[in-house]
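Working notes for the structure below.
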């Protein structure tokens with residue numbers, strides 16, 4: 001597709017706080033009222049959904065009716081199911097060609113999307129291919145030749161498959177960019193633009209982004225036709241049900257002793273521990289192992305097979321404590337996690353909700369504990385102010401709360 005002309009420049013409808021101004025207020029309160037396929041409804045209810053979330057009430061209908069949609073929403077709002085349901089509704093499962101493409105910033109998120117979409121489409125006989133680096137190109141080519149309806153992938157591998165003529169984009173009717181801000185911040189702009197140019201001129205574009213920096217606005221202005229704009233406000237991305245505490249560790253080098261003390265007090269079912277660097281993840285994992293704590297770790301330097309194994313063990317519960325960087329903070333759904341420890345406060349305040357939202361997602365209760373040095377005091381206050389929340393000093397009775 002080539003650049004399109006819009007009646008409204010989207011950058012003109014973003015306020016000083018970086019929030020997009022919505023232009024669509026139709027709300028559908030029930031999945032039954034969305035005119036979805038019967039088999040798709042079975043998949044939705046079988047997945048465990050009872051009623052649509054705020055973004056699902058607003059975005060599914062315009063997406064299923066072919067409109068271009070920009071949704072400003074973060075992890076934990078139900079956005080993956082929003083575009084998954086929309087794609088499953090729009091595609092013809094009897095046509096064996098690729099009809100929808102979803103791009104995501106990380107392999108883990110792409111795999112998560114594929115799993116959610118497959119579960120929702122359980123009764124539809126739909127073939128969905130995760131198209132990601134670290135896996136066999138030849139296998140992907142074989143599967144595409146055999147017949148795939150939906151491709152979910154990362155920009156690098158998707159672009160590669162298009163260039164090899166393995167991925168035919170000529171019949172794609174719906175193109176979804178998930179976490180567009182994250183993809184662009186990782187330097188994928190050229191690849192994303194190349195993929196856009198390979199699309200049919202009339203392709204429907206759905207873009208989801210937690211923030212609206214200028215790079216995202218450029219994409220919306222160039223490639224989307226008078227899009228419907230939907231904002232799921234910050235206060236709908238609830239921290240409700242998550243008890244948030246901090247421990248004043250004073251110095252960075254005292255964090256490890258503090259973590260060991262916490263282990264002695266708390267019986268951890270499953271926990272995620274976030275560090276800001278890969279090196280710190282490795283160092284902390286080594287120290288914990290030396291001290292007879294069973295932990296696993298995950299970061300971007302690992303190969304795909306290793307990362308898959310670690311995530312599988314953690315999801316199944318055979319691994320109980322996962323030490324990771326922000327690679328896990330966006331979009332990876334680990335249902336059993338009751339405790340999140342920010343060993344380092346996130347360097348980006350937007351990532352705070354991505355990290356701790358994991359512990360209380362979809363109404364589950366959870367506890368988040370932040371290790372705070374003297375240098376972090378101001379940052380902690382900024383996080384409290386940004387989310388209009390309160391982070392209390394950790395009480396001695398913490399074991400009763402987890």
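The backbone N, Cα and C atoms fix where each Cβ goes, glycine too.
Residue ranges 166-169, 170-173, 174-177, 178-181 are listed, and Swiss-Prot annotates 178-181 among them as motif 'DEAD box'. Within its own chain, the motif 'Q motif' (29-57) has Cβ neighbours under 8 Å at 64, 71, 73, 77-79, 81-82, 85, 88-89, 116, 119-124, 230, 232, 236, counting only residues six or more beyond its boundaries. When Cβ-Cβ distances below 8 Å are used as the criterion, the motif 'DEAD box' (178-181) is approached by residues 79-80, 83, 102-105, 109, 113, 207-213, 215-216, 219, 330-331 of the same chain, each at least six residues removed from its ends. Note on residue 77 (ATP binding site): other Cβ atoms within 10 Å of its Cβ, all shown chains, come to 23.
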